[in-house]
């Protein structure tokens, strides 16, 4: 089969998901809403577990107000307090019912948030829960002339949660709540596994790519020794790889930006379904390629890998590929159907890793034909991706009033749990749950340069100690580690991973190349010349 038709379909989508390490925000910064003494809280998410007639019930999530005291961070320190309805419901006037330390449940509207909190505090409430008039949460700020000397916590609940609690109380049911806002752990084990997954994927892809490049080089040397010029031209024309140059690297990132904007504008349930289909196509192709390559290493499967049958549209396909293909298709379809269950992330990661390894193996810079360096193309590609990441995570907020990259990665407005072009692992020790994720592009784009470095080392017969690969792998690992440190310092707010990875990798290459005197060679040629002095091809006139 012609290599990886499915992969080529989804490569652009893969890059569009680049540049994001994400854990889910629990602290929502807001530079628009002003801060002043008594009104300087961050907008933090708050857990609201409930008990109905003494039995534990649902747990809801609200958002804390800019004003009022901060809440406990540990559940064991949060008091179970009875919940009472406000009368009148908006709590803009003194409640008719007498309160003795209950948490009061009120409706949004008719007066300011700070007025509601002041009225509730004067009536004897220990906290105030304000029901929003929409399903989303709303940030409660302070008015310029408001009295912000408020001594009780205030938070907002989504409409559906508030309506359910209100219905219980209206039916004379005793409802108790506890309010606390747990903090994320400094490090979650999920991030360690995700780091190992990303580094391991590049490691496997690099060795596969280098092994393939060495096999191609050996085959070319054989052709140079005993083949005619016509055979050489035929052999050079059927590479089975995707060659990229400097201009295509720039256009690639520009096209990815356009695609990202399209994702942002068209984000909806049906559009995510289209992305799932495309991801499955690429995943099937990647998984099939990886399995066929792995099984071909065993002697019992080699003859099936080397025997071919002609299939309409696909051309010559090995018998081993035909045997593996149904399993790969079934695997992808089962994942797509059951992708919303709790452990579906395993299937998504398997398909994703197979796709990434295959893309890193087939995407190559042109070698002897064009004499363009792996570092030249890789530097331009990573440099453009570096700017791409920063722009769509941070700068895009100025035009779109929200981070385009983060909105697309989370799958906002789609009803789905993010787009599928991510590797993700559930956060194990995080009280807020969720997933630690990394975009495919944060592995593929740096991985191209890392894989090229190992191919260069092998073709120049450099050992690991004096080569570039071990340094490139170390630089990538450190850059990704710094990304997760920044992610935790920012309370899970999405970070552009390439912002940290690119300086580590390019800085290492430039420093090491300059120190060893290889920088000019790396930039202008990239792969070593393989002269063949024993072959003297005569001009056509002399041969005649």
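We count from 1, first residue shown onward.
Cβ atoms are placed via backbone N, Cα and C, with glycine included.
As annotated by TrEMBL, signal peptide applies to 1-23. Taken from TrEMBL, the feature domain 'PA' applies to 88-165. Look at TrEMBL and you will find 192-210, 249-270, 276-301, 313-337, 343-360, 372-395, 432-454, 466-487, 493-512 tagged as transmembrane segment.
Among the listed stretches 192-210, 249-270, 466-487, the one sharing the most Cβ pairs under 8 Å with the transmembrane segment (432-454) is 192-210. Contact counts against the transmembrane segment (343-360), taken as Cβ pairs under 8 Å, peak for 192-210 among the stretches 192-210, 313-337, 466-487.
Across the candidate stretches 192-210, 249-270, 313-337, 466-487, the maximum count of CB pairs under 8 A to the transmembrane segment (276-301) is reached by 313-337. Counting residues 6+ beyond its ends, the transmembrane segment (313-337) has Cβ neighbours under 8 Å at 1-2, 276-277, 280, 283-284, 287-288, 291-292, 295-296, 301, 304-307, 344, 347-348, 350-351 in the same chain.
Sequence-remote contacts of a segment are chain residues at least 6 beyond its ends whose Cβ falls under 8 Å from one of its Cβ atoms, and for the transmembrane segment (192-210) they are 293, 349, 353, 356-357, 360-361, 364, 423-425, 436-438, 442-443, 446-447, 450-451, 453-455, 457-458, 469, 473, 476-477, 480-481, 484. Here the domain 'PA' (88-165) has, by DSSP, the following mix of helix, strand and coil residues: 17 helix, 14 strand, 47 coil. Averaged across the domain 'PA' (88-165), the predicted model reaches a pLDDT of 86.
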